[in-house]
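Worksheet: the structure to be examined is printed underneath.
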Amino acid sequence: MKFKLIIFIIIIYIIKILKSEILNEFGYGLVDENLKCLSFIGDSNNQQLCNNKLINKQLIYSTINKSNQIQSLKMVEQSFKQLTFLQGKCLNLNFAQFGICDIYFPSCVETSFGISLPKRLCKSVCKQIVTDCPTLGVSLNCSDSNKFPTIGTLYNLTKYGYTENNGFYQVECSNPTNYYYNEINSTNNQFIEICPSPLVLRNQSDSKYGEDKGYTYLSPTNCVLGCPQPFFKNNKWVQMYKMSIVLSTLSFICSIYNIITFGLLSKLKSKYNLCITFFSVSTVLMSLMDIVTYGIGYEELLCPESGRYAIQSDVACGVTGAFFHIGITTGVLWWTTMSICLYSEVKRFKMISFRYIIIFNSVISLILLIIPLSGQAFMSGNGSLGCWIRKTWYANGTFWIPCGISLFIGAICIVLVIYEIFKISRNLSKDNKPLMFQIRPFLCVLLVGGSFLYLFIFYFNNERNLDKYKAAIPSYVQCLLSSDENGEDCLTDGPGFGAYFTFYFFTRLFGITSFSIYGTSKIARDIWFESAYNHPFFNPYIVKCLSLLGISKHFSSNSISGSNQKRFNRNGSNFNMKQNKSNPNDSISLSVVESTKKQDTENELESNIETKENRSTDISIENTTSSKDSNTNSF
């Protein structure tokens, strides 16, 4: 008898344990009389979400006005954005999307008591999602049986007259697995990628959206970076746009002035005049890029469509990029030529015929232009103010390496010139006038060369840090995913604004620098005065004004044309113009000093060096230091 009693107690205990275990497989839910079984509100017009991922779209647990569905759509969209950037890290993310849609839009059961109850996602489905993508385990707590029951959810409907199972109404859990595998091959049920603003979704498997078309994809997603790339906030980009067009316009005007002065009006075509003219032509071409870009619109030209930067096949980009490249390449070559000419004058060795230098610089510039053009290397890039070469090997091979070589040659010439000038100054006099005579050419060579050197250093420093910038992209994406301002407060890692601003500042300063040094010189003013005097329209007015003012003015043969000398004497209204014979091979000196009276003549010495092809000019360093050696070249 006792044995039977023990057996009975054990059976009762086991039943209680089993019942307890069974009950543990259920979750408990609250009843909300305000929620009903209604149809799915549907996806928004421009974004597919759960429309094809719900088991039963006609019975969704929802408020009467469906306001909770609107909020749920926002939550699903945010979840899909995060899943987009988990590609490559997780398996079967499409299945996770089915599960997420089921969580936010649970299926609904209508009871005979007029109460609507939701179906919760099965724990097995939750565990499968987390197993495929452990990262989601942070937001999905599969051990919570109230949210993810193993069998179903129990709802207490006692007060509604339900008496079975002690008043607990059982609703089985939702398992979309079978539905998922039935729909997996449907074209409407593929994994949905959503890119957070300002990233743009493109299909990179489509050739028209390939990277070579101007798209920068954030692998392994189909999201592309915005254009321009958010290195800085919008107001900073506006500052750079304004700086760019203002400096480029001024540089363009200054360069045109130099071309007219030293290339067209000046009667003497010396090598320094030619260097200044060709260098000014190069800065005109560089400035045209910004002027054309501004005319079209910076963002319109550089970013022709959302998420795409301009490439060479975009005509405006190809043309402006070619202008800028041949301009800056030619500028580097002519700067180097000026450095070599400066050194040749100091050392007094004869250079090759200048026509060969012109041919050499022109041919090299064209070759360095044709190579990137043939490789479709011109593009605006994600963060730039204009189109230029963006492919690394083309950029290095057709500009930066030649630029480095030119900078090296020019730097050597500068150092040697400084050494020679100091040596001459020390040997001839304690006076520093020989050095002061070279102030303008030194300024030109040093300032322009220093600008090119900064560009060189900035570029390669930027290239060196590219991996660091790329490594910071995930942080930028994470910022976008958590941003409440459409990503406007998020920035990618890149060059500092100051360094970036300075880089573009220097590339637009060359024309202004050249004008400040040469265009404002005494000789430039005299060239314009002589040209105006020789013009039949202006001549009578100039003669009359000089006569009325009683001005005596003298044009040195070395300071203007090298072939004539004009003297204006104070003789009331009488005006004399006196020809002075001089060797036609005499060259114009671009070194400027103040005029000094010597008997009847005022000799003007410009601060640029001018070579003599066959014999010395009338003014020399020895003249300055009272030496009588007439064969010494002028500095």
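Just so it is clear, glycine is given a Cβ too, placed from its N, Cα and C backbone atoms.
Per Swiss-Prot, coiled coil is recorded for 594-623.
For 623-635, the entry in Swiss-Prot reads compositional bias 'Low complexity'.
In the shown protein chains, 17 other C-beta atoms lie within 10 A of the C-beta of C37 (disulfide bond). Summarising the annotation, Swiss-Prot assigns disulfide bond to C37-C108 (among others) and lists similarity to another entry as the type of evidence.
Long-range Cβ neighbours of C50 (disulfide bond) (same chain, at least 6 residues apart, Cβ-Cβ under 8 Å): F40, D43, L73, V76, C101, Y104, F105. Feature annotation from Swiss-Prot assigns disulfide bond to C50-C101 (among others); the stated evidence is similarity to another entry.
Annotation source Swiss-Prot lists topological domain 'Cytoplasmic' at 266-275 (among others). For the topological domain 'Cytoplasmic' (266-275), the number of residues in each DSSP class (helix H, G, I; strand E, B; coil) is 5 helix, 0 strand, 5 coil.
Per Swiss-Prot, topological domain 'Cytoplasmic' is recorded for 336-356 (among others), and the stated evidence type is sequence analysis.
Annotation source Swiss-Prot lists topological domain 'Cytoplasmic' at 420-440 (among others), citing sequence analysis.
Taken from Swiss-Prot, the feature topological domain 'Cytoplasmic' covers 518-635 (among others).
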* Asked: Considering the disulfide-bonded residues C101, C108, which residue's Cβ sits among the greatest number of other Cβ atoms within 10 Å?
  -> C101
* Asked: Mind checking how the topological domain 'Cytoplasmic' (336-356) divides into helix, strand and coil residues in DSSP?
  -> 15 helix, 0 strand, 6 coil
* Asked: What three-state secondary structure does DSSP assign to C101 (disulfide bond)?
  -> helix
* Please report the DSSP secondary structure of C37 (disulfide bond), reduced to three states. => strand
* Structure fact -> The average per-residue pLDDT within the topological domain 'Cytoplasmic' (336-356) comes out at 85
